[in-house]
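Comments concern the structure below.
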Amino acid sequence: TRANVETMRSKLDRDKDLGILQWLTPIDYGPQQSDFIKRRQEGTGTWLLCTNEMDTWLDRRNETLFCSGIPGAGKTILTSIVVDHLCSKYRANLDVGIAYIYCNFRQQQQQRPEDLLLSLLKQLLQKRTSAPESIRTLYESHSRERTRPSFNKILEALNSVAAMYSRVLVIVDALDECGVSNGERQKFLSAIFNLQGKTGANLFVTSRINDNISKLFEGALSLQIRASNEDVESYLDAQISLLQSDIWDNNLRDRVKREVVSVVDGMFLLAQLHMNTLRNQPTKGHVKEVLQHLAKGVNGLDETYKQAMERIKDQGRPTYELANHILGWIVHAKTPLSTRELQHALAVKSRTRELNEDYVPSQRFLRSVCAGLVTIDEQSGVVRLVHYTTQEYFERTWTTWFPYAQTDITNVCVTYLSFNVFEAGFCQSDREFEARLQTHVFYDYAARNWGYHAQTALIDEDLILGFLQSRSKISAASQAMMASRNYSDYSQEVPREMTGVHVAAYFGLEGAIIDLLNNGRDPDNSKDSYGQTPLLRAAQSGHEAVVKLLLETSKVDINSKDSYGQTPLSRAAEDGHETVVKLLLETGKVDVDSKDTYGETPL
């Protein structure tokens, strides 16, 4: 019947819209919002919602509220309270669009300006009954060509969707954690100011105290974020009430509250770290000893972290070593690790050919052995350090606590990639590929990142050479390394026939390439199925030392073209690698007038 046809067409449209949303970006800040709001101590943070600045921001269009504060003041939890409040207030109002972003120093690769705008666009689209024609057209034109929209096209689409609402509220947390290289933070800010100028959107932004950022918000509504004494006391009351020990009488509870509040100086984080220490003391006397030496304010964080590491060390060798590995992994990971990824990584034993599940530590263990420095976000499944300042502390002191972490991580990744099961090579369908990743949860991370860890590690040459010389294992790893989940059949739309030299060139591993060439296993001028040579891969990635090494072998074709008609020079120029461009030009052998399939020359 006609009704059935309309119902079917409606379902197809909804399915297509969901496909469009996923194509825009797979990133979803919803799980993070859920995790953050769960961490809120009930009754805290409401002061922000009651300020005159918040009232003004809500009452008027085109307003910006900029909230800055010291590290650990609770800015992210307060942001989650604001998001929760706005979503509740406007849930039934389809004329109000809400979109939010949690910037994270660990996710800068996934939070380029384009990614952030796409996330805002996706969230604003989710409240519409269907995707507008302009968005469908954008999707169809790019999905057909398997390309991605430009920054300007994304901004244009964002402005057009935002204009469909009578009001738009955009929330950005931790702007200071947004990448600054190549002007990325400024590019993103310019875009949201453009959005505000064209649509009257309201902006709520938090950041650490930072003069460069503050200057950009001169004239905006502003608030300084500090943990209030009342909120800190509420937190301490709740934490102390959970303690079962009979040493915690009323006098001790009152003293703990009084002395912790006196030293935290507006930092919720410090209250949390001090409670982690206090709750584990065996007697009243030990609690009082700790209270006499509580570190104070921002300057006390380093001492507090050092004390936590000393407590970890006191746990005994096997537990300390595993806790040390946990922290080393989280600190040095190139992207946030899921709990399952970290569990698998910790279970890998040197020179083994399969994973022994008996060595997989429990989630409870991950939480309990790191003195409160590690937390697991339940909704997103990510295991992370308790705060950005924890990362900063370890970036300054890692040579003291885990000097060989990069070497250990590299060896674990390459051992995992060398497991016997991956001799099966390249997966022949998305389903087969996804089954591999689901079963071997650490494989995706290891394939994409092992080479970055190897760049700064003392590498096990035999282990890495054995992996790079295995055609089947390189074929399997390069599929995971290059796959991008933006389209159907995505796992098949990647280069095949990559060699160990290709992969080493991609990561810039000069020593590994020398070993491979000396062993004569992989010709340095080989091409993958996209016609790309190791020289082109190195040039495209900007690895000057590897480009120089390959040129010195004198066997490479410096003007070799890939299937897009591009040469090493055109790839290096396209990606802005000036030193590589200069190096190639200095050979005097490059064809600067070479045209690709689009008729464009390198320069």
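Easy rule for this one: first residue shown is 1, then count along the chain.
Positions of Cβ are set from backbone N, Cα and C atoms, glycine also.
Automatic prediction, not curation, is the source of TrEMBL annotations.
Lifted from TrEMBL, the feature list:
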DOMAIN    43-208  domain 'Nephrocystin 3-like N-terminal'
DOMAIN    320-394  domain 'GPI inositol-deacylase winged helix'
REPEAT    530-552  repeat 'ANK'
REPEAT    564-588  repeat 'ANK'
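Non-local neighbours of the repeat 'ANK' (564-588) in the same chain are 530, 533, 535-536, 538-544, 547-548, 551, 558, 594-598, 600-603; each lies 6+ residues outside the stretch with a CB under 8 Å from one of its CB atoms. For the repeat 'ANK' (564-588), the DSSP-based tally of helix, strand and coil residues reads 16 helix, 0 strand, 9 coil. According to DSSP, the secondary structure content of the repeat 'ANK' (530-552) in residues is 17 helix, 0 strand, 6 coil.
A mean pLDDT of 94 is what the model gives for the repeat 'ANK' (530-552). DSSP labels the residues of the domain 'GPI inositol-deacylase winged helix' (320-394) in these numbers: 38 helix, 9 strand, 28 coil.
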